[in-house]
Structure formats: C-alpha cells, structure tokens
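Take a look at the structure below.
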Amino acid sequence: MPRILFLLLAACCLILPHSASAATAPPKDLSGWEWRWGDSPLDAAGRPTWRQDNAAEGWQEIGFPSNPPARSGQQHLWLRTTLPDGDWRDPVIYIYSIDLIAQFFLDGELLYQYGEFDDQGRGTFAGWPWHMIELPEGFAGKPLHVRVFSDYTDIGLWGEVKLMDRLDVLSMVVKRSLDDVIISAFSLLLALLAATFAAIGTQRRSLAAVALFSLAAGGMILAETQVSQLMLNQPLLWDGIAANGYFTLPVAMGLLLAHWLEGWPRRWMQRLWQLHLVYLVGALGGILSGLVSVSSTFPPFDLMLAMTLPLMLTLASWRVAHLGTEQRWIIVAFTLMAILLLLDMAVAHGLLGWRQVPVSLGLLAFSLAIVGISLWHYRNTQYQLARLNHQLEAQVKARTAELDLLVQKLEGYSYTDPLTGLKNRRYFDELMQHEATRADREGTPLSLVMIDLDHFKQINDRYGHEAGDSVLATIALLLQEHFRGADVVCRLGGEEFVALLPGATTQQAESRAAELVARARDVNLQHGNVRLPSITLSCGVATYPCHAPHPGELLGLADKALYQAKHQGRDRSTTWSTNAASPEG
C-alpha cells in the first residue's frame with residue numbers, strides 16, 4: 001500500500017505542472033488502418049517482408065485494428081497505418097491491450113515488440129498489459145506496420161490506440177485507476193476483517209463467505225487496474241491474480257446467496273457454486289501445470305457464467321413477494337453486479353463497442369449490501385439474546401421462589417431413594433402435582449420420560465441382587481449427569497425411573513431420551529472385580545399439551561409409550577401416539 005500511494009503521489013506531481021502548461025497536442029486516435037490475414041514471408045535476414053509493404057494489393061480498410069471479418073481460424077494478422085503529425089513533447093503510442101503478441105515496425109524498422117515469436121511466427125500468451133511505445137523524432141508521415149499472432153478468440157489491438165504525450169498517458173492511467181484502487185483497498189480490508197471475525201466469531205460460515213468474496217473482488221479489481229503495471233511490471237502475474245479472483249466470484253456469491261435462501265432454491269444455488277468451484281480448481285491446476293494458458297481459460301468460463309448468473313438471479317429472487325426487506329436489498333445489489341459483469345463480458349468478446357464498464361462499483365455495492373445486512377442481523381441477534389436472557393433471568397427467579405416454597409413444604413419428609421440417591425416416588429408425586437398445576441396455569445409445556453432397564457432381571461438372576469443394586473446405582477449416576485437444570489429424575493421402584501422436564505417440548509424431550517439411550521450402551525458396569533454385561537434402556541415420552549389435555553395424564557401415556565418401546569424390541573425411545581399399543585394385563 002505505501003508503494004501505491006507513492007506512485008500515485010509521484011504521478012500527480014508530474015502531471016499537475018504538465019497539465020498547467022498545456023504546451024502539448026491533445027491525444028489523437030490512430031486511424032486509417034488497413035489489414036490483411038496471414039503472416040509475411042521472411043527476407044534473407046529473417047525479417048518479415050510485409051514490414052515495408054506499402055502497396056495497395058492485398059490490404060483492406062478497417063475502422064479499428066481488431067477482429068477483421070472472415071477470420072476462419074486465422075491466427076496471423078498484419079495491420080498498417082500512417083502516423084500523423086502533431087506537437088507532442090514526448091510522443092508515444094498508447095494501446096489499451098493486445099491480443100495476443102505483436103511486433104511494431106516504423107518505416108520498416110522494428111520499433112516495439114511484445115511477446116516472443118518463433119520460426120513459424122507463433123508465440124505464447126504473455127499477458128494483457130497496456131502499452132506505451134516511444135516514438136523517435138521525425139515519425140510523422142511514416143508507415144507503421146503491426147504483425148500480430150493470436151490463438152485467442154480475439155486478434156489485434158484492443159480497446160484504445162492513441163497517439164499522445166507520455167505524461168498524458170500517466171495522468172490518464174492514474175485518474176482511471178484511482179477509484180478502483182480505493183475500492184480494491186476497501187475490499188481487501190473488508191476481507192481481512194471478515195476473516196478475523198470468522199475465526200473468532202459464531203457466524204463463521206457467512207463471515208467466511210464475505211471474506212472470500214471481498215478477497216476475490218479486491219484482488220481482481222487491483223489486478224485489472226492499469227496502475228498495477230506501474231507497481232509491478234509482471235503482466236502474467238497480474239492476469240493470474242485477476243483470473244483467480246474472477247473465477248472465485250461466483251463461488252463466493254453462491255455461498256453468500258445460499259445462506260439467505262431455503263428449500264430447493266438453496267440446494268440449486270449450492271450446485272451452481274460447486275460447479276464453479278470445480279472449474280476454478282481445474283483452471284488453476286491447468287495454468288500452474290502449464291497445460292493451458294491463462295487466456296484460454298476465460299472464454300469457457302465466460303460462457304458458463306453467462307448461463308449461471310441469470311440462474312443465480314432467478315433463484316435469489318424466487319418468490320420475491322414473500323422475501324424480507326433485507327433480502328430484497330441483496331437481490332437489487334446482486335442484479336446490479338450481474339448486469340455489470342455481463343456487460344463487461346459482452347465488451348470483452350466484442351458483442352458491444354469498447355467501453356470501460358464499472359464492474360468494481362457493482363462488486364462494491366454487493367459487498368456493502370451483504371456487510372450492511374450482516375451487521376443489521378448481528379445487532380438484531382444481540383438485542384434478541386439480551387432480551388431473552390432478561391426473560392430467562394426473571395423466569396428463573398420466579399421458579400426458584402416457587403421451588404423454595406415447595407422445599408419448605410416438603411421438609412420433614414424422606415424423599416430420597418437410599419440406593420440410588422435419586423428422589424423417590426413420594427417426591428415425584430408431590431412434584432408432579434405442583435408442575436402439572438403450574439403448566440396448566442401458565443400454558444407452558446411439560447414433558448415426562450419413563451425409563452426402564454432392559455432385561456434387568458437377568459442381571460439379578462445371574463450375578464445376584466448386590467450386582468443388580470450396583471447396576472441401578474451406576475445408571476442413576478448416568479441419569480443425574482444426563483438430566484440437568486430444571487429437569488428432575490426420580491426412581492419409581494425396581495428398575496423403573498422417571499424424568500420430569502418442565503418447559504420441554506416434545507422434540508426436546510425426544511432428543512434427550514434418544515441421547516440417553518445411546519449413552520447407556522457405552523456405560524461400563526462393574527461389581528467388585530466382576531465385569532457385568534452392558535445394559536440397554538427403553539424410554540417412553542409424553543408431553544403436555546401435545547399429547548394430553550391435562551398434565552396429570554402424562555404418567556399413564558408415557559408408560560404406554562414405554563410399553564411400545566419394549567414391544568418394538570427395546571433399546572430405544574418411543575413417543576406416545578394414538579397408534580401406540582396398550583399393555584395387555
């Protein structure tokens with residue numbers, strides 16, 4: 001970043017006095033171009049003979065030196081024009097980009113070359129930088145011949161070809177790049193912050209997607225700014241960074257949009273970003289291994305993106321009338337970004353006339369929309385959590401006061417099972433009556449889980465009652481550890497236990513019962529030096545008001561559900577339903 005600021009400051013210092021003097025001719029588009037397909041034969045010195053070809057035969061006029069008609073697989077193109085006269089103090093030819101490599105001959109002499117030509121006049125992709133070709137004195141009126149090779153979809157000079165002063169070129173590059181450099185710096189900073197919060201926060205998936213999108217956008221924007229060439233003159237490196245960011249964008253966009261979607265639109269959005277992820281990995285692997293060039297990876301990706309972007313937009317806006325305000329803002333920002341990306345793609349492939357499409361503004365708008373809505377959700381979540389904590393604290397205080405009164409009422413009685421240390425049947429009956437009254441009065445759920453040890457009689461018969469008591473004590477410890485907080489576990493008698501879960505819904509009770517059954521299978525049973533066989537549990541679940549009009553009926557319903565669990569093979573938890581079988585005798 002300090003290097004960028006230094007370059008911008010230095011360029012501005014050079015530009016301001018130059019602009020004030022106004023002692024140079026304005027930029028001028030090079031016109032009068034002619035073209036011909038094919039490559040020139042070589043003379044005895046190995047130089048192309050067409051570099052001095054001023055005859056009219058074989059040459060055709062063209063408005064701009066790019067993509068002549070009837071290419072039909074041609075990979076060699078020659079262009080020519082005559083340089084005009086003008087009062088430039090330090091004249092240069094400015095070219096926005098070249099597809100793909102070229103040699104420039106002024107009056108038959110090599111003036112500039114980009115890329116390496118082999119004996120067949122072919123070469124490899126060397127990047128898409130902008131070019132500033134110095135002109136010698138007395139260039140006016142002399143012919144300029146350009147030899148071009150391209151195995152890309154485009155061939156020739158691309159974007160802009162102007163004759164202008166060197167300082168005007170630098171001024172133009174800085175002015176064009178300034179906004180994009182600022183947006184890139186903002187995006188990269190946002191990526192760093194999002195990645196940091198993703199590492200330490202709770203919303204890791206959404207923040208990681210924001211970080212990925214911002215990193216891809218920031219890297220692509222910076223790599224495609226013309227000022228990046230002043231920072232580091234490595235065109236292939238910058239094009240590789242741009243390709244990586246460009247190919248990553250739909251992956252990050254899909255991750256972000258899938259986070260806001262539900263149902264089948266979410267599943268299809270996931271498939272789309274996964275498709276782009278496969279292409280990203282394959283393209284980067286091919287580039288790094290040298291199997292393909294950077295330039296060859298863009299056309300198929302553009303074709304794929306032209307199809308998937310509208311699909312992503314359709315999925316994101318599905319049932320738009322039922323979406324919230326924040327989701328609609330995301331769709332608006334995504335639509336703007338998608339339109340700009342498609343316009344830029346159309347310009348790149350010659351479907352629209354050349355212009356600079358502000359893709360960075362679309363990426364910035366989408367980033368700001370995602371970040372703004374994420375911050376709003378975070379703030380709203382924190383507010384709801386604080387409100388919920390306040391309500392829970394009030395409920396805990398009220399329930400604690402009720403339990404204190406109940407404890408005082410039950411003092412003087414023995415409510416503890418001496419073998420297991422759990423509360424006994426008497427305590428359960430009192431507590432059940434109290435919790436049933438409270439649940440009925442407040443309209444809150446009340447769940448009950450009946451628990452029975454499977455084949456417990458076999459333990460007693462084979463190892464004796466002391467071993468059986470040891471098993472009961474071990475299972476009681478498991479129950480005390482598993483049910484916590486407001487849950488109360490009691491021993492009803494023999495190998496039968498009950499857990500009372502105030503405030504628990506059917507789903508919550510089912511979950512706790514299922515987890516208990518699973519944990520029981522792994523309990524090690526020991527009596528003295530004798531290792532006892534493992535034991536399983538069967539559970540029956542019933543909930544007020546889901547299953548019973550009055551909480552007092554829960555015990556009978558849970559007992560029926562327990563019977564159903566036994567009937568179905570034991571080692572399971574069953575919730576009461578009207579289809580549950582009733583015990584026979």
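In case you wondered, yes, glycine gets a Cβ from its N, Cα and C as well.
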Quick one: sort out which of 93-112, 273-292 is the transmembrane segment according to TrEMBL. 273-292
Tell me, what is the mean pLDDT of the domain 'GGDEF' (444-578)? 93
Cβ under 8 Å, sequence separation of at least 6 from the ends of the transmembrane segment (181-200): give me the contacting residues as numbers and ranges. 1, 4, 8, 207-208, 210-212, 214-215, 217-219, 221-222, 225, 227, 360-361, 363-364, 367, 371
DSSP-derived helix, strand and coil totals, residue by residue, for the domain 'GGDEF' (444-578): 58 helix, 39 strand, 38 coil
When counting Cβ pairs under 8 Å to the transmembrane segment (273-292), the leader among 207-223, 243-261, 298-318: 243-261
Using Cβ atoms and a strict cutoff of less than 8 Å, what residues sit near the transmembrane segment (330-352) while being 6 or more residues removed from its termini? 66-67, 153-154, 249, 253, 257, 260, 298-299, 302, 305-306, 309-310, 312-313, 316-317, 320, 323, 358-359, 361-363, 365-366, 368-370, 373
